[in-house]
Every structure is written in structure tokens, then in C-alpha cells.
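What Swiss-Prot records for this protein:
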type    : residues : note
BINDING : 4-34     : FAD binding site
MOD_RES : Cys308   : S-8alpha-FAD cysteine
Amino acid sequence: MKYDLIIIGSGSVGAAAGYYATRAGLNVLMTDAHMPPHQHGSHHGDTRLIRHAYGEGEKYVPLVLRAQTLWDDLSRHNEDDPIFVRSGVINLGPADSAFLANVAHSAEQWQLNVEKLDAQGIMARWPEIRVPDNYIGLFETDSGFLRSELAIKTWIQLAKEAGCAQLFNCPVTAIRHDDDGVTIETADGEYQAKKAIVCAGTWVKDLLPELPVQPVRKVFAWYQADGRYSVKNKFPAFTGELPNGDQYYGFPAENDALKIGKHNGGQVIHSADERVPFAEVVSDGSEAFPFLRNVLPGIGCCLYGAACTYDNSPDEDFIIDTLPGHDNTLLITGLSGHGFKFASVLGEIAADFAQDKKSDFDLTPFSLSRFQ
């Protein structure tokens, strides 16, 4: 059988692409080296932020707004346990923070619902937070967090129900191109399609080592908290920048545990297989201490944690482009630790590509040619 589309990597973007492409009537094969959702990529750990006024640049705002619409649609399939939780997101940092300047600019350009607070205003609204006098907060009322593993599980189930073929726990070992399309090699045999999507996270380096993607081991951890830090008490998700420039992110507490991670830093690795578990690097459990001591002093000890992997591009912007020399193969990689919130819209973009539809978005900033 020759498929319309083969998806290599069925984590966040791949799961979404499988669903949207199958729903569009295409004959699709989803593949993954493991059984998604799983612990081997970048999507585990239960939750991911979704921010609209984007500190990484306003070029992302049209994408994230469409992503939000798609997340809302997906959440309707899990009304008892919604995939999107509108907790709000407070972005904290020095008044001269470049990241916060981008958040404010994005909000102004796209007329987003963002409230600016000074240090006293932040601490009055959320007494659990402590910030210096020179700090400001930009509160995104309509933002919040996503249940990442539930989202992937839902997409995969919906795709399967729609007739999508799924080949999991079966790594793709090679990709070949010829006049008839794309062929993948696996332990289960060879499969052919007219087009392919490669969205395998850091595993992309095993198939396409020439791509400018650097795997980086990252960790996040859960710390002892209480009901004051919960959504029920209106405690928000957050990003926070320390005076030295270190960037952190976190979520409201659930079951008396607050999850937090450090966005910058980490350990450079050469392949996804080199990632060691949480606590095998001495700094893992204490990485968030500088932020917790200064900003959330009421949070207690580290309870447990996990390691994940960023697939960093050189400029930490996404790579969304066809494979050089092969217009029938779309790459979605280099998501650099801020990609999950876009998984829905990136999956839709992939499905449009498979149908020969022109994207509704300007993808020029994400072209591989910027690295030449």
C-alpha cells in the first residue's frame, strides 16, 4: 500500500498531524520509535504553558492564536478533564527585560488582553510571590497551560478512530526519496508514501544528521506546595526572569506539588539516547532554588523530577521547511523548548502540506535558508 502521508515521530506535532490529515480524508501512517505519549522526547511531564503575548517574538502570535482555537476544539473531547486550563500566565522580570518588552509589544500589536503590574501590584494580587521593587509583571488573562500527554493520547485515539494506520514501538532507520515519493525503512519492513513529515524531536539527528539541531538535556521538578498555589486559589502559571537573566517557568500546584523548570542552561548531548534520568546530574534537584528562594519562598523541598530533551536550533526559532532537494518532505523541528503550545497548529500546517494547500501563515522566518 502507498500512503498519502507518512509521519515520522508521533509525539506532539506528529500526533496532531496524524489527526488533522486523517480527518481531511488522507490515507496516513503515523510512526514512532516508542508508544506515544512516552518519556523519551519533549512532551512528558503532564503540563506545558501556552502564552499568547509571545516573548520570543511577535511572528509567533498568529500561530499561537490559531493553536489556541484548535486546543479549545480538542478540549471539547475531554470536557471532564480539559486539555486547556485557563489559569492565566504572569510573566515576571526586571522592568528592562527584553523578553517582557517583546511580550508587551506582541500584546500591543495584536490587541491581546495583557495587564501590567508593578512590584507592589504583583505581591498584592498574589501574596505568595515576592519580587524586587524594579520588577514588573505582565499578566495574560486568557493564557494558561495544556495537559500535554492527555492531548497526545486524545489525538492518537481520534486519528485511529478516523482510520489512521499507526506503527509504534518501531523506529524508522532510514528515509529514501525517488520519483515515486518517499520510502521509510523500519524493523517491520518498508513503507511508501507520496509525502512525509519529519517531526521526530531530537531523534531527527539519527535520520538527518546534517540538520542544525542540537539536543540539550533539560529537567523540571515538582516541589512541595499547598492550596495557596492552586488554580482554585487563582494562582497562575508563570514565567520568571532573575536579575542574572536566568529564565524559569512553572505551573499552579496540583496535589500539593508545584512544577517548575529552568528554560536556559541544560547539558548538551549528541543524541537523545545520551539523556540520563533526573537526579543523575548533581544540580538537577537544586536548579530551581535561586528562583524559589527569591520569588516563591513558601515552596518546600523537591519531591521528584524528570528529564526531557530540547531540540534547539541555532537561534532557538523553529525550523518549518521542506528537506533541501525534496519538496515532498516537510521538516518541523528545532522547536527549542517552546514548541508544545504550537503542536495543534503545526499539525494543521503539516496536514495542509500533505494536501498541497498553501499555508495561511508566513513561514519564511522558520526557513532553513536563514542558516546559510
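Note: Cβ is positioned from N, Cα and C throughout, glycine not excepted.
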- Query: Could you tell me the C-alpha distance between Val28 (FAD binding site) and Cys308 (S-8alpha-FAD cysteine) in angstrom, no decimals?
  - Reply: 28
- Item | Assigned element (helix, strand, coil) containing Asp32 (FAD binding site), judged by DSSP | coil
- Message: I'd like to know which of the recorded positions Ile8, Ala16, Ala24, Val28, Cys308 has the most other Cβ atoms within 10 Å of its Cβ.
- Response: Ala16
- Counting other Cβ atoms within 10 Å of each Cβ, which of the binding-site residues Asp4, Asp32 scores lowest? Asp4
- Message: Say we define neighbours as other CB atoms within 10 Å of the CB. Which of the binding-site residues Ser12, Tyr20 has the fewest?
- Response: Tyr20
- Query: Where Ala24 (FAD binding site) and the residue listed as 'S-8alpha-FAD cysteine' are concerned, what is their Cα separation in Å, rounded?
  - Reply: 32
- For Asp4 (FAD binding site) and Cys308 (S-8alpha-FAD cysteine), determine the Cα separation and express it in whole Å. 32
- Task: Pop the Cα-Cα gap between Cys308 (S-8alpha-FAD cysteine) and Tyr20 (FAD binding site) into the table, whole Å please.
- Result: 26
